[in-house]
Every structure is written in C-alpha cells, then in structure tokens.
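Here is the structure we will look at, set down as structure tokens.
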C-alpha cells in the first residue's frame, strides 16, 4: 500500500546538523534580500551554477525537510521504502553550494537514519560523482558511499577516481566506479551488481540511501551515458531485494520529459504497478513527442568503456573491500 506523506520544511537547526550556521544564515539573507554584491557570496559557492534566486532558501529547506520526513518514516517503521524525487542534492558541502545544490539533503537524510541504524549505505547513480556526500563521510566507517559516474578530464566535479577510497577510519569506505561515455543498460547493471554484491556482503548495511539522478538517460543534454529507465530499474530492484529500509532520492536530469519518464517508471516499479506505454493526456502532453510513449530508446553512440579497463576497476574495488574491517 503506497501513500503520500506531507513533508515538513526543515528548520535552520535541522539543516545545521550538517551545514554551518554562517552558510545557512547567508543563504537565508541573500534569498530574502537578493545579492548585494556581498564578497562572501562567492566564497559560499553562490553564483555561477548556483545562482541566487528569490526564495531559494525556502525551496532548499522544503527539499531538505522532505528528505528528513522520508528518513523519519523509515526510522519509525511506518514504511520500508520512502521516496523524495526532488531531493538528491549531492554536491553541496557544509559551507558551500555547488553544482545546482544549495543544501545536501542526502547527507541530512543519512545523519537522520544514523540515529537508529548503525551502518548506512549510500549508492549514487547520478551521471556526476556524489562528491558532497563522499566528503561528508570520508572519515567514518559507519557510512559507506558508492558512486557510479562519468569520470573524464574537465567533467564536473572532477573527483571520484577509483583511487579515491576515503580517509582515516573511513579508508576503504568510499567506493568510486569511474565510467566513460556511451555505457548502456546491460554493462551498467553488470558493473553495478558486481560492486553492490561485494559491498553488501562486506559492509552488511542496516539501511540504504539511493540517489537516482536521471542525467544518465539517453537523450539528456549531457550527451554522456546511454541508459534507459529499465537499466536503472534493474539496479534499483537489485537493492530492493535486500529488504532493507531504503530512502530513494532524485538528482540530475536535464531533459525534463525523459526525467519524468524515468522517475515515473521507477515509482511504478517501487509500488509494484504496471503502467501503460502511452503517455496520458495532460497539460504537458506535447513535450513527450514525437512518439508519446513511456519508453526511451538508446541512441546509436559507441560505448567507450573498454572491457579490460572495467575489469581492472572492479578488481581494484574488490581488493579495497577486502581491507574493510
């Protein structure tokens, strides 16, 4: 039985579980007053890819509050799967906005889950490296972060090589799977399953947070991966069969109709519904042309992921996981 829960808006105090007071207060100030050429604004990462728009603080607090509400539902045992598609703002740092992310709701959600669950696994399937989440937990062995992403020179955020493995007590608890352009469903699933199988056995998580950005999908303006919602769905199914409390978040996705297709397909999968292939008539129906169907066809781009290189990455990850205490 699925249900919709009205989310709360996160208070400044709740957001300060991760973010600094100074950053939150500055975001609140510029959100209300606009940017008065305050020199601190750029230091806080505001501008460029995180422009100051009126009401952005309230919007961030709403996204953060929804993720916290979802985490609370899991903690209280009211559900086993909770979803917040507007969430997944995985780039924000504790005192800095980054990559369209003004707040790191994923980190807030993980911290909330840790009030009950000792070991939390974070899996990031966005096109971009989940750097903000990895950084937040790079020194702890209580949160393992796994990120599958595009890694190539000049591609944002430029981090997440296979050699980035965490620090101090968190050494070997950060897992990065750097991929190249053109990857399709079958190979992606093979890699994802191969890594997660080892992770599950080694880390034995008590709860999972999944970030499912849709910028990996064919047709995205990023023109990088060549996935379909079915491929992401297969990875999601693999995680859900663990039967653990699972918090599901959105993320990137810059072809809006395809992002809607993807998250609709995944929502149906989560609640066990089969959807008609035809897009129903609604206000934005014309956006779904020329074929007006739920399915997305991969493009004819080559897969740049060399099989031998992929095997080397997987062997390296397996070797690192053997060192997890």
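Think of each number as a place in line: the chain as shown, counted from 1.
Cβ atoms are placed via backbone N, Cα and C, with glycine included.
The region 'Histone deacetylase' annotation in Swiss-Prot covers 1-272.
Taken from Swiss-Prot, the feature substrate binding site applies to 49, 99, 254. Other C-beta atoms found within 10 angstroms of the C-beta of residue 99 (substrate binding site) number 20, with every protein chain shown included.
Every protein chain shown contributes to the tally, and the Cβ of residue 91 (active site, proton acceptor) ends up with 29 other Cβ atoms within 10 Å. What Swiss-Prot records for 91 is active site, proton acceptor, and it gives similarity to another entry as the kind of evidence.
Among the features that Swiss-Prot reports, divalent metal cation binding site is placed at 126, 128, 215. Mapped onto three states, the DSSP output places residue 215 (divalent metal cation binding site) in coil. Taking Cβ-Cβ distances under 8 Å and a sequence separation of 6 or more, the neighbours of residue 215 (divalent metal cation binding site) in its chain are 126, 127, 128, 222, 224, 225, 251, 252, 253, 254.
Within 8 Å of the centroid of the Cβ atoms of 49, 99, 254, where the record puts substrate, the same chain has further Cβ atoms from 100, 128, 156, 252.
Neighbour list (residue 49 (substrate binding site), Cβ cut-off 8 Å, at least 6 residues apart, same chain): 98, 99, 100. Cβ neighbour count for residue 126 (divalent metal cation binding site) (all protein chains, 10 Å cutoff from its Cβ): 25. Farthest C-alpha pair in the substrate-binding residues 49, 99, 254: 14 Å apart.
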